[in-house]
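Novice: The structure under discussion is supplied below as structure tokens; questions concerning it will follow.
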Amino acid sequence: MDCESIQREIAATVRRTKEDCPFVPSITNSVTMELVANAQLAAGGSAAMVYLPDEGEGVAAAGESFYINLGTVMPFYAETLPRTVRALHEHRRRWVLDPVAIGIGSLRTELLRCFRAMPPAVVRGNASEIIALANLWGLDTGAAKGGVRGVDATDSVGAARPAAEALASFIDGAVAVSGEWDLVTDGTVTVRSEGGSPLFTKITGAGCSLGGVTAVYLAEASPFIAALTAVQAYNLAGTRAQREAKGPGSFRAAFLDALYRAKPGAIAENPFALI
Amino acid sequence: MDCESIQREIAATVRRTKEDCPFVPSITNSVTMELVANAQLAAGGSAAMVYLPDEGEGVAAAGESFYINLGTVMPFYAETLPRTVRALHEHRRRWVLDPVAIGIGSLRTELLRCFRAMPPAVVRGNASEIIALANLWGLDTGAAKGGVRGVDATDSVGAARPAAEALASFIDGAVAVSGEWDLVTDGTVTVRSEGGSPLFTKITGAGCSLGGVTAVYLAEASPFIAALTAVQAYNLAGTRAQREAKGPGSFRAAFLDALYRAKPGAIAENPFALI
Amino acid sequence: MDCESIQREIAATVRRTKEDCPFVPSITNSVTMELVANAQLAAGGSAAMVYLPDEGEGVAAAGESFYINLGTVMPFYAETLPRTVRALHEHRRRWVLDPVAIGIGSLRTELLRCFRAMPPAVVRGNASEIIALANLWGLDTGAAKGGVRGVDATDSVGAARPAAEALASFIDGAVAVSGEWDLVTDGTVTVRSEGGSPLFTKITGAGCSLGGVTAVYLAEASPFIAALTAVQAYNLAGTRAQREAKGPGSFRAAFLDALYRAKPGAIAENPFALI
């Protein structure tokens, strides 16, 4: 893969998504679920969030891809998530996992452990979450030992590269690491995407909604291209929103506007490089 | 009812609502509950959301009307919703039902079926949801067979007219159908309201919050006038917000501003016609 | 304490918070949790919301302070909240309580009653909630009998002064009463802070997010200074946002911008007086 062919695929993915409006359900974080849904709509998808086991199974089968974010685990997720992931597996639906706050609580850990046998097509997280998930699944991460503080990373994006590549190879999909720059890898090809805004860290749900938008693109592209398209769209829209914003409140609105308006070519041409 | 007398009633409803600030609790969708509450406040009401059975009963009795939205069903709704609806019935409180995502999951279906015996004063939904509810309740809908895809309609507003009228007659109340235009009916009189914005489909909760605002007006008006007042307010505020918006992020804020600022006369004069 | 030394402490608290970015988890209201998180980020903190008992215990120990808001009680809070409060007590973590909707439902009342033995460092609420909590805990409040209507106050801020002072003394901390003006007291020193905007009553979560920001400052200051710093920051940012806002939608965004941009000195110099 060279940069030009990647750019063509990104632009085609954005275009197809806006034409097809894929239905992409989620089981996700209640803090940020409104932003996830709004970002998915802005990118051209159709969103729905559910909680119950049979609803998870139903929308897993009905959706074109799926998003699972572990941000705020509720007691009934003990049944809902395994059943939903099993349904995704049976119906061969690809999904994105966002292992938010990995390490907090026993149910979260148990659920993440159980996903190993029926893994997602894409994992998206900050550097510490990616390292922690690779460690939890017993992958060789070059002995990195990630530190999560609540929902924040304490590791650099670069430090998570071995873990991200190991994880991508293991799931035979892609991994996106968010941070001061963004890394996307399929285990063999690894890309560095630039742009965005420091204000992304000042609004809750920037990462969660990136995961949700990745799931939307996953209905239309390979795991690697879906993950990279979402990262590129976020970096472009973040750069543009930053110019207009007076702070995090206006940034959030300007970001959704910019995501909605971003043209396929502009998303493809946001700066990135093979590393 | 002629258009002029309807307009007078709409204007009076908006005015009384701003004076009285009715307390209108909800059991509602967690994705969109913030927008529901903010729209209810913008219209002049007071909002509160609850989850527990005894809290549902308590606020059913304390509220002047009520809003129930089935968007994100949680396990305990199996107890909360029947008890709350029974309390609404006993205290003769009128309520609005939003049958979001009808057809997904067994509990959702069971709850919707159980509401038939103690029906709402207003049902609000998209065309497919209205057709599906009329079918679930065994009403004669001219043999329409609605199709819901997640939370989106696959039927046109016009195709839902027989179902809407049958439903309104059955509940002896009103039904509002949202879509490319809006239909409001009490089973005998049917109205077409124009305006709004295509950006309503690009923010999550436009329909849910319309249901919540309908419940606010229901504290001050008949089901038909309450439903039509809310639809007119949304179409006016949507039209105005569209002019200023650069995308869905700025549209959401501009819409709440416009809803808050809309004068009674302007809401009454938004274009509508008896059909 | 004179006003000048209070101002110096306020400014120092704001400054330290932005430097340290304290991790301040919450168990909070699902209607307003996104605004709580965004306001905590704007003030310089790091936020995380949880639901499960062992997660409550875990983040109670990991956090530097904590926020508990009873707005939307879920069934499992019966276990989560007592265990979390016990963990806060054992780890000597200070926390802010927001007794939203006190009086609705039996579990909410039982939880609030159980907090009496392991009390928060700060209580924040509207006048009616503060009076109701002081009454529930059997404190001498000058025989005030508060009336809560859903989530709104029916008492004036001034009427809640005896209850607020009694409550602050009992918990050996501070109490903040929100309303047409804001009262902050440690039981001995009582302050009146001015500013803000009437639009605070037109967005859901203004009070909840003030509680969340108080918890952030509580990681860096005494209960009294933390509560007053948050109130001053809100009154300043509300005043500034009011100037730009066209209604509640634009106010919400402008408020977060203003909170994020407010300088330590400006927060300290927002008008307040010892009363």
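Every residue, even glycine, has its Cβ placed from backbone N, Cα and C.
What TrEMBL records for B:M49, B:G205 is substrate binding site. Residues or ranges marked as ATP binding site in TrEMBL: B:R124, B:S178.
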Novice: To see if you understand the setup: which same-chain residues, six or more apart in sequence, place their Cβ under 8 Å from that of B:G205 (substrate binding site)?
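Specialist: Set apart from B:G205 (substrate binding site) by at least 6 residues yet with Cβ under 8 Å, we have B:N29, B:V31, B:T32, B:L35, B:V36.
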Novice: Do the binding-site residues B:M49, B:R124, B:S178, B:G205 include any whose Cβ comes within less than 8 Å of a Cβ in chain C, and which?
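Specialist: Among the binding-site residues B:M49, B:R124, B:S178, B:G205, the ones whose Cβ sits under 8 Å from a Cβ of chain C are B:M49.
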Novice: Using a Cβ-Cβ cut-off below 8 Å, which of the binding-site residues B:M49, B:R124, B:S178, B:G205 are near chain A?
Specialist: B:G205
Novice: How big is the Cα-to-Cα gap, in Å, between B:S178 (ATP binding site) and B:M49 (substrate binding site)?
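Specialist: Rounded to a whole number, the Cα-Cα distance is 24 Å.
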Novice: Whole-number answer please: how many Å between the C-alpha atoms of B:M49 (substrate binding site) and B:R124 (ATP binding site)?
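Specialist: Checking the Cα atoms of B:M49 (substrate binding site) and B:R124 (ATP binding site) gives a distance of 19 Å.
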Novice: Run through the Cβ atoms and count how many others sit within 10 Å of the one on B:R124 (ATP binding site).
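Specialist: Neighbour count, Cβ to Cβ under the 10 Å cut-off: 32.
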Novice: According to DSSP, does B:M49 (substrate binding site) fall in a helix, a strand, or coil?
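Specialist: Note: B:M49 (substrate binding site) is in a strand by DSSP.
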Novice: So if I draw a 10 Å sphere around the Cβ of B:M49 (substrate binding site), how many other Cβ atoms end up inside it?
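Specialist: Other Cβ atoms within 10 Å of B:M49 (substrate binding site): 29.
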Novice: Specify the count of other C-beta atoms within 10 Å of the C-beta of B:S178 (ATP binding site).
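Specialist: The Cβ of B:S178 (ATP binding site) has 28 Cβ neighbours within 10 Å.
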